[in-house]
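Asker: I'd like to ask some things about the structure below.
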Amino acid sequence: MYNTTPLNFAINQENNEEVIKYLLANGANPRLALVDIIEAGNNNALNLLMKVAPSITVDEVFPQVMAMGMRRFFQAVQNKDLSAIKDFI
């Protein structure tokens, strides 16, 4: 289970932007949530976080997403999981 921060929990529960903005305004750290969101592969949560947290940029997120994708690809190859490998093609 990821949801290690209140912000990440709120994002994963698909709360509206106002809830997310409230947490950010009251000291929530978007970078802590970012790590869990990327590891969970939750694209909707990632898009929402980038939309409401101006400090999170594509330049910051892209390398982490690529690294996670490569780890998943090599894991799929190691496990000989053809359906997972096809997702990358």
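One is the number of the first residue shown, and numbering goes on along the chain from there.
Cβ from N, Cα, C; glycine included.
Grabbed the feature section from Swiss-Prot, which reads as follows:
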- 2-32: repeat 'ANK' (REPEAT)
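Distances, neighbours, how buried they are, the whole picture for these features please.
Answerer: Note on the repeat 'ANK' (2-32): mean pLDDT across this stretch is 78.
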Asker: Which residues, given as numbers and ranges, are at least 6 beyond the ends of the repeat 'ANK' (2-32) yet have a Cβ under 8 Å from it?
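Answerer: Distant contacts of the repeat 'ANK' (2-32): 39-40, 42, 44-45, 48-49, 51-53, 55-56.
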